[in-house]
Amino acid sequence: MVDERSRDWEYKMSFMAATEAEEEAGAAAAEIHLPAEVDWEMLDKWRFFVMGAALFSGVSATLYPAVVLKTRLQVAQPPSPCLRAAANILRHEGLRGFYRGFATSLAGTIPARALYMGALEATKSAVGAATLRLGVPETAASVAASAAAGLSAAVAAQVVWTPIDVVSQRLMVQGSAAAAAKYRGGVDAFKKILYSDGIRGLYRGFGMSILTYAPSNAVWWASYSLSQRLIWGCIGYHMGGGGELKPGHGTVVAVQGVSAAVAGGTSAVVTMPLDTIKTRMQVLDDGGDRMTIGRTVRSLIKEGGWRACYRGLGPRWASTSLSATTMITTYEFLKRLSAKDGSFPGLGSGGCC
């Protein structure tokens with residue numbers, strides 16, 4: 001769920017957080033200076049979007065098997081251990097079983113990401129300007145704007161992503177006992193769901209998707225900001241003595257990557273029950289009746305108590321953490337690959353802001 005264009009803002013906020021942590025501790029910490037950034041104007045846009053599509057498709061392909069395994073575990077009846085479920089997929093369906101619905105999922109990310117980015121930037125600009133006019137400090141205004149932007153972006157993206165999610169998850173469970181119907185592919189699944197359930201069928205779990213991804217975004221951004229604050233604060237403290245510290249690009253990306261992993265893992269744990277309920281509503285049928293939140297929760301509790309809500313936590317935790325880390329590091333790498341010739345002479349230094 002992490003928007004690429006917001007990385008520049010996070011890149012700067014990490015150092016602002018470090019400065020605040022140093023001031024609060026009252027320690028003679030080292031002053032941290034930014035390496036030079038590749039900003040939007042420096043990018044060759046054609047190269048950026050073409051290579052970006054290739055790189056992020058590769059990242060999605062790498063992490064997709066964990067998503068399939070997580071989905072299978074969430075709908076399995078009776079429950080199955082993670083390793084056994086993975087072995088069963090490999091034995092009975094081969095490697096292709098881990099990529100069921102991948103083409104549908106990949107196709108849906110393009111419009112969903114466009115909506116996400118548009119809502120994020122528009123909200124961030126509007127809320128940021130409004131909070132500054134109210135006299136809110138710049139750092140607090142940026143945090144508030146980013147949180148509001150993450151929430152609105154999640155809601156906007158779900159308009160496109162929920163139907164894609166329904167179709168791709170139906171395809172993910174093909175070959176398992178949880179499959180409600182047999183589909184020949186994404187288009188066939190779309191037609192059959194539309195024919196049997198109408199538009200409502202494609203938006204199964206839309207409310208739960210909002211309840212899942214909106215707080216997930218909020219938790220992610222909060223955890224990401226806090227992690228960077230702590231990491232840079234510790235670096236500044238232990239490298240103290242009143243001198244200057246000019247971390248290289250590799251160090252900056254490493255801190256961002258670790259912070260993203262922590263944020264992704266935290267978000268996965270906090271919102272796991274909501275994701276399990278959402279997945280079941282989108283995939284399962286209850287004797288032909290429409291699955292509701294109450295019916296889904298009662299079914300889960302009957303099967304295994306509240307622990308049943310955390311089925312597939314391992315794959316989801318790994319997928320979310322790795323996804324957040326690779327998306328950030330890949331994005332920074334992509335920006336340097338896409339810099340216009342002569343526009344990025346090298347690393348320089350900048351202030352914490």
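Backbone N, Cα and C define each Cβ position, glycine as well.
Since the structure is predicted, the reported quantities are computational estimates derived from the model, not experimental observations.
Annotation source TrEMBL lists repeat 'Solcar' at 44-126, 141-230, 251-337. The transmembrane segment annotation in TrEMBL covers 48-69.
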The repeat 'Solcar' (44-126): DSSP-derived helix, strand, coil residue counts: 73 helix, 0 strand, 10 coil
Tally of DSSP helical, extended and coil residues in the repeat 'Solcar' (141-230): 74 helix, 0 strand, 16 coil
Confidence summary (mean pLDDT) of the repeat 'Solcar' (141-230): 82
Secondary structure composition of the repeat 'Solcar' (251-337) [DSSP: H/G/I, E/B, coil]: 76 helix, 2 strand, 9 coil
